[in-house]
Every structure is written in C-alpha cells, then in structure tokens.
Amino acid sequence: QMRTTRKVSVWPVGLVGGRRYERPVVENGKVVGWYTGWRADRPFAIDMAGNLQVILSHPKAVFKRRGSQPGMQESDFLKQITTVEELEPKANNCTKVLVWHTRTEKVNLANEPKYHLDTVSIEV
C-alpha cells in the first residue's frame, strides 16, 4: 500500500503508545482526528517514516532535535511538507493494523482504555 502513496500516507500501528493500537480516524476518506493514547490534540498525532522524494522536494523542511515541545517533532516537521487534509489513509481507511511497533521487551499496554473507545473494531 505504501507504493501507491502520492505524498504522505497514514495507517494504524499496533502495540504503540501503551495501547493495542493507535490510528488516524477517517471519515469519508479523509483524516479527521486521531485515536491515540497521548495528546490527540497534536496536528499529526503519529510517529512517522518518510518518503524520500517528498522530503527532498522540501529542502527547507527541518526535523528539529531541539526546539520542539516533547512529542511534537513529527507534527512540527510534517506541517512543513503537508496538511492533514492531504493525508492519504491506507489499510482500508485506517481500520486494519498491518504494521506493528515492536521491541524485544514485554508489551506495555498501560494506556489501553478499560472500555473500547474507538468507533471501529480492529483486530490486533
């Protein structure tokens, strides 16, 4: 699915942020919010990987190691190259987990809500 990306695509990620998954919330094919365990008010509440061509086409875009608020580095960078309206939802409108944030340690689900709060049912 990444091969069909024109600019910046997004999808759910499993086992991240102390939850079973985090994802963009999509309505009518557009990202309208974020299902995340931490600061859903961020402009881009995501970790990210990059499309080299998009990054090279914005030579003045800078990923700040310092000067961004904690957890805002991705948002500060992405605001320089795209808008939320331009995001391309993948993985069946962000309803399927096809990518996992894995580590070689026990999974921490400390931020998983006691009751299912998402509007869709996702198998992880």
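Glycine is no exception: its Cβ is also placed from the backbone N, Cα and C atoms.
Automatic prediction, not curation, is the source of TrEMBL annotations.
Keep in mind the model is a prediction, meaning the values are calculated, not measured.
Non-local contacts of E74 (active site, proton donor/acceptor) by the CB criterion (under 8 A, 6+ apart in sequence, same chain) comprise R42, F44, I46, D47, M48. The annotation active site, proton donor/acceptor is assigned in TrEMBL to E74.
TrEMBL lists N93 with the feature N-linked glycosylation site. In this view, N93 (N-linked glycosylation site) is surrounded by 18 other Cβ atoms within 10 Å of its Cβ, with every protein chain counted.
Marked as site 'Interaction with galactose moiety of substrate glycoprotein' by TrEMBL: E22 (among others).
Of all Cβ atoms in the shown protein chains, 14 besides its own fall within 10 Å of the Cβ of N111 (site 'Interaction with galactose moiety of substrate glycoprotein'). What TrEMBL records for N111 (among others) is site 'Interaction with galactose moiety of substrate glycoprotein'.
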Students should find that the Cα atoms of N111 (site 'Interaction with galactose moiety of substrate glycoprotein') and E22 (site 'Interaction with galactose moiety of substrate glycoprotein') sit apart, in Å rounded to an integer, by 11
Whole-Å Cα distance, N93 (N-linked glycosylation site) to E22 (site 'Interaction with galactose moiety of substrate glycoprotein'), is 13
